[in-house]
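Structure record follows, encoded as C-alpha cells.
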Amino acid sequence: MTQAAEATLPPLNVPSYVKHARLIDWVQGVVALTKPARVVWCDGSQEEADRLCEQMVQAGTMRRLNPAKRPNSYLAWSDPSDVARVEDRTFICSQREEDAGPTNNWAAPAEMRNTLQGLFDGAMRGRTLYVVPFSMGPLGSPIAHIGVELSDSPYVAVNMRIMTRMGRAVWDVLGADGEFVPCVHSVGMPLAEGQADVAWPCNPVKYIVHYPETREIWSFGSGYGGNALLGKKCFALRIASTMGRDEGWLAEHMLILGVTTPKGRKFHVAAAFPSACGKTNFAMLIPPSGMDGWKVSTIGDDIAWIKPGQDGRLRAINPEAGYFGVAPGTSEKTNPNAMATLKANVIFTNVALTDDGDVWWEGMTDTPPAHLIDWQGKDWTPEIARETGRKAAHPNARFTAPASQCPSIDPEWENPQGVAIDAFIFGGRRSTTIPLVTEARDWVQGVYMAATMGSETTAAAVGQQGVVRRDPFAMLPFCGYNMADYFNHWLAVGQRLADAGATLPRIYCVNWFRKGPNGKFVWPGFGENMRVLKWMLGRLSGEAGGQEQVFGISPSYGDVDWTGLEFTPDQFQQVISVEAPAWREELALHGELFEQLAQGLPPALSRAKADIEHRLAAVQA
C-alpha cells in the first residue's frame with residue numbers, strides 16, 4: 001500500500017482493553033480493503049445504543065415510537081427490495097463441492113474471494129465501520145462461541161446488542177488469543193464526498209457467503225435481518241453446524257422449552273419446525289384451561305446449540321439473547337407472552353405506524369385501525385386494503401426484542417452448562433397423512449422422521465394435497481454442509497451417546513395442521529398443544545399408554561387428557577389416523593428425497609424406510 005493510500009485510511013482507535021493482536025490485524029486488513037471514513041469499537045452500553053438510535057432517527061432510517069405507548073422503541077422501514085433472507089444469493093464455499101451437497105449453493109472459494117475482493121474494495125467509503133464483538137450463548141459458557149462482526153450499518157450494531165451478548169465483556173472472554181468467528185458485512189453503498197445518504201442503504205447485488213473450513217462469513221448488499229445480523233442464521237446455524245460436525249455437537253433450528261408438571265418434575269424439550277408452523281407460539285405456550293398446575297417456560301424460540309455434557313446427556317443453550325420474530329399473526333390471542341415481551345425496548349422493522357405513534361400489523365387485532373402509515377410510508381386504510389389487497393405490514397415484518405423481557409422466560413435460560421434435553425420434537429404443516437403425534441421407536445427411526453419432514457407450500461383445497469416442500473430437520477436453508485452427511489452426524493451423535501451408556505432423548509413427530517372434510521383445521525392448536533406435550537412427557541415417565549402404528553407409537557383417545565376441551569373420538573381419529581394409500585404416496589416422496597441425497601445417504605435410513613414399507617404392507621394384508 002502506498003503512503004498516500006495509507007493516509008486516507010482512518011485511525012483504528014483500538015481500545016486499550018482489546019489485546020487480541022490477530023484480531024486487530026484482521027480489522028486493519030478489512031479497513032484497508034473497505035476504506036471507511038471512521039472506525040468505532042462498540043462497547044454495548046445503553047449510552048452507545050441511544051446515540052446510534054438517535055443517529056438513525058436523524059438519518060431517517062428509524063423513527064422513535066410514542067414513549068407513552070412503547071418506551072425506548074423504534075420503527076425501521078427497509079428498502080422494498082431488501083425485506084427477507086435471500087436463499088439464492090447464499091453460498092457455502094467449502095473447499096470441495098461435495099461437502100456443500102446438493103441442497104446448498106456452492107462456489108469455489110478462490111473464485112468467490114476474488115469476486116468479494118472486488119465488491120468490498122472501497123465498499124464502506126464515507127461510512128463508519130463498527131466493530132461488533134458478540135458471544136453466542138452466555139459469556140464463558142463451555143457451549144458458547146464468540147464472533148466479531150465488522151459492519152457499516154448502525155442498524156446492525158443496535159440489533160446485535162439485543163440479539164447477542166454484545167460489548168466490552170466479550171473482549172475479557174476472548175483475551176489475547178481466543179478463537180472467534182470473523183464476520184464482515186457491508187450494505188454495499190459507498191458514499192462519495194458530499195453525497196447524501198438514503199434512509200435504508202443497500203445494493204441490488206447481494207452475496208451471503210460462508211467459508212466453512214476457515215469459519216468466516218462475508219455478507220454484501222443487504223441491511224436486512226438474517227442477511228446482515230451475522231450471528232443469527234449465518235453463524236449460529238450454517239457455520240456452527242459445521243463446527244458441530246467437526247467437534248461432535250449439534251447446532252439446530254430449534255426452540256427450547258421447560259415443562260414443569262403439577263408434581264414439580266421438570267422436563268426440557270427441543271423442537272424444530274419450518275417457518276409458518278408456530279415455533280415462537282409453541283416456545284411461549286400457555287397451558288389451556290383444564291390443565292391447571294402445568295407450567296411452560298421459554299429458554300429459546302429459534303436456535304439451540306446442543307453438546308454432550310459430562311454426565312453424557314445432551315445439554316442445550318439458546319445461543320441468542322433476543323427474539324427476531326415475525327410480527328404478522330402475533331396477537332394477544334395467539335401469543336400473549338410475545339405481546340408482553342414487545343412492550344418496551346424493541347426495534348420493529350417493516351410494520352405499520354399508527355396515528356398515535358405506535359405499531360400495528362395484520363393479525364394483531366381483529367379490527368384494523370381506521371388509518372395507518374404502511375411499511376412503505378404510504379397512507380393505508382381498511383378500504384384501500386379491500387380494494388388493492390395491500391398489506392399494512394410486510395408479511396416478513398420483524399420485531400427485535402430482549403429475551404429477558406419474556407414473562408415465560410425460564411430461570412435456567414442463561415445457565416452456562418445448558419439444560420438436559422429429554423425429548424426432541426419435529427413437525428411440519430401437513431393437511432393430510434402425518435398424524436397429530438408419533439413417538440419414534442428408536443433414535444434411527446426418529447432421525448428418519450426428522451430427515452423426511454416437510455410442509456405444504458400451498459393451501460390445500462378440500463380433498464387435495466398441497467405441494468410438499470421437504471425441509472429435513474427444518475434445516476434445509478441453514479445446514480452448512482452436505483445434508484446426507486448431516487443425517488450421518490445425527491446418527492453418529494446418538495450412537496456415541498448409546499455406546500457411553502447415556503439415556504438418549506426420545507424423538508417425536510407432530511402435525512398440528514390436519515384438515516377435516518370441510519377443509520378446516522381439526523386440531524385447535526395453540527395452548528391446546530399442551531395436551532400432546534403432556535402425553536409425550538407421560539411416555540418419558542412411563543405413565544402414558546400408546547399404540548403401535550406403521551410410523552411409530554401414537555396415543556389412543558383415552559391416552560390424552562381432554563379436561564376442559566370438547567374434542568370427540570371422531571375428531572381425534574381425523575388427526576391421528578394413518579391411511580395406507582396416503583402413506584404409500586408419502587414413502588414414494590421420501591424416496592425422491594433420498595435419491596437427491598443418494599451420495600453419502602446413511603444406509604440406516606434406507607433400512608428405516610424399508611421397515612415402514614414392510615409394516616404398511618402387513619397392515620394392508
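Glycine is treated like the rest: Cβ placed from N, Cα and C.
Because the structure is a prediction, the values reported are computed rather than measured.
Summarising the annotation, Swiss-Prot assigns active site to Cys277. Sequence annotations record features per position, and here Swiss-Prot assigns substrate binding site to Arg85, Tyr224, Gly225, Gly226, Ser275, Asn396, Ala397, Arg398. Summarising the annotation, Swiss-Prot assigns Mn(2+) binding site to Lys233, His253, Asp302 and lists sequence analysis as the type of evidence. As annotated by Swiss-Prot, GTP binding site applies to Ala276, Cys277, Gly278, Lys279, Thr280, Asn281, Arg398, Arg429, Phe526, Gly527, Glu528, Asn529.
Features as recorded by Swiss-Prot, highlighted on the structure.
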residue : record                 : contacts (Cβ under 8 Å, 6+ apart)
Arg85   : substrate binding site : Ile208, Tyr224, Gly225, Gly226, Asn227, Lys233, Pro477
Ser275  : substrate binding site : Val326
Cys277  : active site            : Gly427, Gly428, Arg429, Ser455, Trp512, Phe513
Asp302  : Mn(2+) binding site    : His253, Met254, Leu255, Lys279, Thr280, Glu320, Tyr323, Phe324
Ala397  : substrate binding site : Val326, Ala327, Pro328, Phe348, Thr349, Asn350, Val351, Trp361, Trp375
Arg398  : substrate binding site : Gly225, Phe324, Gly325, Val326, Ala327, Phe348, Thr349, Asn350
Glu528  : GTP binding site       : Pro288, Leu565
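Mapped onto three states, the DSSP output places Ala276 (GTP binding site) in coil. Taking only the Cα positions, the spacing between Asn396 (substrate binding site) and Ala276 (GTP binding site) is 11 angstrom. For His253 (Mn(2+) binding site), the Cβ neighbour count at a 10 Å cut-off comes to 25, with all displayed protein chains included. There are 22 other Cβ atoms within 10 Å of the Cβ belonging to Gly226 (substrate binding site). Of the listed binding-site residues, namely Tyr224, Phe526, the sparsest CB environment within 10 A is found at Phe526. Spread of the substrate binding residues is 18 Å (greatest Cα-Cα distance among Arg85, Tyr224, Gly225, Gly226, Ser275, Asn396, Ala397, Arg398). Of all Cβ atoms in the protein chains displayed, 22 besides its own lie within 10 Å of the Cβ of Thr280 (GTP binding site).
In three-state terms derived from DSSP, Arg398 (substrate binding site) belongs to an extended strand segment. The record assigns Ala276, Cys277, Gly278, Lys279, Thr280, Asn281, Arg398, Arg429, Phe526, Gly527, Glu528, Asn529 to the GTP site; their largest pairwise CA distance measures 26 Å. Under the DSSP three-state reduction, Tyr224 (substrate binding site) is assigned to coil, being neither helix nor strand.
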